[in-house]
Amino acid sequence: MNGSSNISSASQTTRIKSEPDEWSKEDCLTLLERIRGLLPDGDAMKYKTTESHFDWEKVCFGSFTGDMCKQKWQKVSSEVRKYRTMTELIVDAIEFVKNPYKGKKLKTHPDFPKKPLTPYFRFFMEKRAKYAKIHPEMSNLDLTKILSKKYKELPEKKKQKYITEFQREKESFEKNMARFKEEHPELMEERKKSDLPEKPKTPQQLWYNHEKKTYMKLHPEVSQKELKEALRRQWSQLSDKRRLKWISKALELQKDYEDSMRAYHEAHPDVNSDEHVRSVLTKAERQLKDKFDGRPTKPPPNGYSLYCAELMVNMKDVPSTERMVLCSKQWKMMTQKEKDMFQKRCEQKKKQYDIDLQRFLESLPEEERDRVLTEEKLGGAKLAVGVASSPHRAKSPSSKVRAPQRVQPLSWLQWLTSCLLVSGCERCREAEPEPWAPAGLPKERRDAKKKNKLPETPKTAEEMWQQSVIGDYLAKYRSDRRKAQAAMEAAWKSMEKKEKIPWIKKAAEDQKRYERELLEMRAPPAGQRKPKFDGEPKKPPVSGYQMFSQELLTNGELNHFSLKERMVEIGKRWHKLTQSQKDKYKKLVEEQQVEYKAELEAWVKVRPPPPPPPQRYNATTPQHHNTTTPRQTLSEQPHLTSANTHKHNSWAPCKHSSLLSSLLSCLLVSSPVSSLLSPCLLRTGPSIRSSPAR
């Protein structure tokens with residue numbers, strides 16, 4: 001044992017002696033050059049992979065062993081970033097060995113002057129040892145909190161002592177820093193001087209630079225992180241009026257920058273000028289500037305959206321997941337007259353918006369006008385997509401984007417009759433009417449759909465009078481619509497009743513016209529009513545709040561409130577309920593949900609299954625004439641067997657083909673339909689493909 005330990009200690013002593021005290025710069029460069037010489041051609045692997053396969057015995061030189069070279073390489077490479085290949089890494093490693101203090105490492109230079117401590121840190125270093133002895137159980141974090149609080153409580157006279165020492169050392173630091181730059185010019189990074197114009201700053205950056213000096217004077221001990229956080233909070237709390245000042249200043253600087261860039265590109269045509277200049281304003285700042293300049297607020301797209309927007313203002317205590325559900329239910333409970341009132345208000349807001357927007361555009365320069373018009377077009381496109389995706393908006397008369405109409409399924413008799421009618425010979429088909437086409441809506445139905453828009457909403461007596469005199473008032477107030485509107489309202493209020501009577505009569509006639517057109521429009525043609533399922537259980541509320549709302553809305557207790565006030569009152573009453581009362585409603589909802597599921601399952605089991613949907617006939621299918629008798633089923637006809645199915649792609653295989661064949665045979669023989677068909681049709685038989693029953 002002793003012999004082995006002696007041998008080990010001897011070898012260790014030999015290794016330590018063989019190691020030099022320090023790697024010189026020349027040795028490091030030699031090491032890196034030897035590593036570079038051993039790199040494989042076309043090196044494209046990660047440096048770690050190459051390093052792990054490296055033969056370090058081939059790198060060793062002089063008194064440096066392979067392990068020593070590897071350790072030194074790992075130490076040098078740790079000082080540079082490594083998200084590159086080994087070949088690329090060597091270049092930075094050589095640069096680091098030549099200038100180890102360049103860039104961020106400059107402060108580690110032995111001659112670099114030490115930065116003075118701030119007034120707070122002076123106080124902290126002076127008092128820390130004392131408080132650590134008094135409170136040995138405290139951690140460093142707790143001590144820091146206590147000393148920070150103590151420093152803030154210091155009187156200004158005692159604080160001034162630390163501030164004076166800091167300012168004195170700061171002056172000394174600046175002198176030493178200037179001397180260091182003179183003695184080590186190679187370490188100072190020289191910025192490339194360019195005549196390229198400086199990019200404009202954002203409003204927040206301009207405000208930050210302005211407030212930074214003032215804040216530093218009041219709080220000289222503050223750190224950069226605390227400074228940024230404090231000023232960020234102040235900026236977020238800044239009033240719109242003060243914020244607009246910096247927004248305007250930033251826009252002026254951006255305009256100057258764009259002018260300077262144009263001049264720069266004229267002087268340097270070889271420079272790429274396609275770079276997009278980003279706006280210095282955020283979306284919120286741009287909206288604030290436009291609002292201040294007089295840009296009108298865009299109204300909701302339809303009456304339903306207007307109703308939801310007004311209702312949600314008073315639904316802050318309602319969970320966000322239930323707001324739209326309640327809005328939808330409330331909207332459905334409203335009468336058509338109330339809905340039309342919201343639609344009318346929405347149309348009025350749109351008209352007023354168009355007028356205000358046009359006036360706003362006229363006041364803008366050409367570039368700004370183009371920007372606003374572009375935003376309006378983009379907003380319209382987004383609105384169209386939103387309207388198409390909303391089931392409520394799609395029903396609104398103002399929605400221009402309509403969902404594709406669903407094709408109504410054919411009845412059995414319609415389908416069979418159409419197949420028989422189109423399957424006869426050309427002579428018989430010419431004499432018969434055009435076959436029924438289910439692929440799309442006929443022209444008559446499309447025209448009827450267009451006519452189904454709501455009639456023009458009726459106007460009040462005041463609105464009719466205002467419409468007749470608005471031109472005079474706008475001319476009087478120089479197209480200022482707000483002043484003209486206020487003047488007309490005041491004039492109508494001061495008008496005598498005798499003068500109002502003609503307009504009241506006109507408004508009554510307009511109301512009758514509207515109700516008449518509405519009744520005509522609402523009368524649905526026979527056969528177009530939506531089918532209702534008999535015995536289907538009613539869906540219960542989804543939450544306790546919804547059940548509570550339905551109780552108050554259905555019992556007529558809130559009928560004396562307006563539509564807006566109802567939801568406000570419901571929210572107040574729900575808020576006043578105790579938790580036990582709310583839990584009672586929630587329990588009732590859960591019980592009703594369980595009952596509803598059971599009733600629904602029972603109803604689905606009892607309900608007969610729907611008949612299989614008939615396959616759609618394609619009139620382009622080739623006709624086959626044969627001599628089959630009317631009693632032959634479809635599966636017995638040779639041209640309708642599965643062997644011929646590959647010739648026709650208009651029909652998918654149907655598992656009910658045998659049933660269809662039997663029904664068609666019965667119809668051909670026993671039903672009155674056969675008497676209406678021509679002999680040619682009976683002779684040829686229906687040209688309908690069929691597949692064998694599975």
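In case you wondered, yes, glycine gets a Cβ from its N, Cα and C as well.
Automatic, uncurated: that is what TrEMBL annotation is.
Mean predicted confidence for the DNA-binding region (113-181): the pLDDT average there is 86. Annotation source TrEMBL lists DNA-binding region at 113-181 (among others).
TrEMBL lists 197-265 (among others) with the feature DNA-binding region.
Among the features that TrEMBL reports, DNA-binding region is placed at 297-361 (among others).
Under the heading DNA-binding region, TrEMBL lists 455-522 (among others).
The DNA-binding region annotation in TrEMBL covers 538-604 (among others).
Residues or ranges marked as coiled coil by TrEMBL: 163-190.
For 1-15 (among others), the entry in TrEMBL reads compositional bias 'Polar residues'.
Here TrEMBL flags 442-462 as compositional bias 'Basic and acidic residues'.
Summarising the annotation, TrEMBL assigns compositional bias 'Polar residues' to 617-636 (among others).
Feature annotation from TrEMBL assigns domain 'HMG box' to 113-181 (among others).
If you look up TrEMBL, you'll see 197-265 (among others) marked as domain 'HMG box'.
Per TrEMBL, the feature domain 'HMG box' maps to 297-361 (among others).
Positions annotated as domain 'HMG box' by TrEMBL: 455-522 (among others).
The domain 'HMG box' annotation in TrEMBL covers 538-604 (among others).
Taken from TrEMBL, the feature region 'Disordered' applies to 1-21 (among others).
The region 'Disordered' annotation in TrEMBL covers 432-462 (among others).
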Using a threshold of three or more Cβ pairs below 8 Å, and leaving out pairs closer than 6 in sequence, do the domain 'HMG box' (297-361) and the domain 'HMG box' (538-604) count as in contact?
yes
Helix, strand and coil residue totals from DSSP for the DNA-binding region (538-604) stand at 51 helix, 0 strand, 16 coil
